[in-house]
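The transmembrane segment annotation in TrEMBL covers 12-33, 73-95, 102-121, 133-150, 162-183, 217-242, 254-281, 301-321, 342-361, 381-399, 618-636. Under the heading domain 'Lipase maturation factor 1/2 N-terminal', TrEMBL lists 128-287. Annotation source TrEMBL lists domain 'Lipase maturation factor 1/2 C-terminal' at 433-569.
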Amino acid sequence: MTSSVAIRYTRNLFLRSFCAVYLAVFVSIYYQAPGLYGDHGVLPARAVLENSHYKTLSAKIHYKSTLLWLAPYLGLSTSAAIDVLALLGIFFAFTGLVSQKFCIVPVFTAMWSLFFSIYQVGQVFVANNYDELLLEAGFLAVFIAPFLPHRRKVKTPHLDMISFWLCRFLAFRVLTGSVLKLLSGCPKWWSLMALKSYFETMPLPSPLARMAFDLPYWFLEVSTVYTIVCELAVPFLFFWPGRTAKITAFYAQVLLQLGILATGNFGHANSLMIAIMLSLLDDQFFYGKQKPRTVLNVLDVVLTGVLWIALFFGTVHFFGLRFSTGGVRAEISFTKMQFSTLIENALPLVVLLLIASFLLVVARSTYQVLFGQTNSSRNPVWGFCVTVFYTIVGALILTSSSTSLLSLHPKTNATAISSLQRAAYNRLHKTHIVNDYRWTPQLADYGGRPEIILEGANHVDGPWKEYNLLFKPGNVNQSLPMLGLYLPRLDWQFYWAAQSTADKQPWLLSLTHRLLHGNPDVLHLIDSSDLPFSTPPKYIRGVLYKYKFQTAMFKGAWWVREQVGEYFPAHSKDSPALEDYLRARNLLPAAKPQPLHPAWKRVLDPIRQLSNQFEGSLLVWAVLATAFAIIVSINSR
């Protein structure tokens, strides 16, 4: 539709945005690592690696690919090695954020490898789509970055076309995975009241979630419609040939992500999605330079307008939007069977259209390198070879990723996926270069949100006193937090455990064991400023409550709650049953510490002591603020 436009500035902004996300993630991991993965942490990382202690290095890497295997050769313990990996990640991300000279392939390869190494021992605390998304997007960022500084100072659209197309394809898969919300038949989504429940029951709501919960019903209905349209219809504009459609799709998606970011604490997820969405833009968007109005430009604007008008009237028709005395009302006008049939028939066609779009981008890229005015035109053979390499990588990702798209519907999952596709997906998914993004298909109807509260006592008959975590609902009078890019992984996991049973959550009994022994690293992850006991109690139990937002906003408590029942029985410090349970899963604290060279200890201890002076989310903001202050200082010279 339009000729190739420069994206040099866009590429730099894209890469530095990724550095900001990586920086927040590494700082967050470093801060929480001792309590989560230390020798006396909830899930010790050394326990994951101990079973392969006597294997050769190559066998260890084959078993679990992580740089932590190098720790003994460097005089490091496993827990200290995690600190080193996180600190290296912070260093690389910080330098890339403050200077685009460091936004290069070696730096992005290092950040991906460091995060992947920690992910490999992260266990249940990284069992979420957001960390997988960072691994997949971070892998693509390696192909977008120049190999060395200034190597892409001249336009290279033949490479950027393919790599940015893969980013749009990733965003497309992440968003359209939400089709399961309707395919599952969830009554809250089909009644368009999903957001009413979502604001109250999301993992870690923010203060604005409480405000959003009280919005008029008609507004929540329309917002639900907007969410569905943004996730299932707007992503198709990512592949429209014209730039105007992509820009308008960018605005729509950023609005959605900002809404999620404002009302919920999802760590780096929404900021990462916005960074990925930058692949929809070009330099002209930021510079605002008016180019001569051509027939193609006018046609691009006109067709984009037609697309949005069609999308608007389609939304009005299929969601029954209408004005009433109480505002705009909506009601889905198609049946669950009709929607299921539509998705079944559409998924193979969507994959074919994506293949056609990719081939078109490859053709344009090849034409640019052979006949266009690019830096590779000086050496077309080399430029063509690089383009072929990018094409092969893109084809592998497209082939394997189509498996996750086709598996969204049971029938296409069984009939439309070849064994070759499944094999490609399984191999790439092992390193999380390609993932299957399946967001929670149904909103559970608990009549509130289930929450596990840990209670301690010095006598089995009580009185029982509560332990409070820092960020999840507990104390009904405690206000909700606004965390930004910080993800408190312990608080986050409590949400999912409350929807399961204690026997499936061994980490929770490991946490109980650490609290009974008063482990300082674990206490650092909870509200240690208001501990119910000056010394560890003799007993700790788990109690399940149901929380609801207080009806009168800003009057008294934030929550009202009622006790549902016992989540797990009281355990004592020396309980044989608890000890045997943890021993069987290799979760007891190590009796003997791993060796750590004194030189490492002299370096790492002061850094840890300094970081412990901050609360986790404040530490993330402090590091980011420092980076942005340096950027402003450099640019003002």
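Cβ coordinates come from backbone N, Cα and C, glycine included.
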Touch test for the transmembrane segment (381-399) and the transmembrane segment (162-183), at least 3 Cβ pairs under 8 Å: yes
Contact between the transmembrane segment (133-150) and the transmembrane segment (342-361) (at least 3 Cβ pairs under 8 Å, separation 6+): no
Stretch among 12-33, 217-242, 254-281, 301-321, 342-361 sharing the most Cβ pairs under 8 Å with the transmembrane segment (162-183): 217-242
Tally of residues which DSSP labels helix, strand or coil - the domain 'Lipase maturation factor 1/2 C-terminal' (433-569): 30 helix, 35 strand, 72 coil
Listed stretch, out of 12-33, 301-321, 342-361, that has the most CB pairs under 8 angstroms to the transmembrane segment (618-636): 12-33
For the transmembrane segment (102-121), distant same-chain residues with Cβ under 8 A (at least six beyond the ends): 12, 15-16, 18-19, 22, 25-26, 29, 37, 45, 48-49, 64-68, 78, 82, 85-86, 88-89, 92-93, 95-96, 131, 134-135, 138-139, 141-142, 145-149, 431-432
Predicted model, mean pLDDT over the domain 'Lipase maturation factor 1/2 N-terminal' (128-287): 91
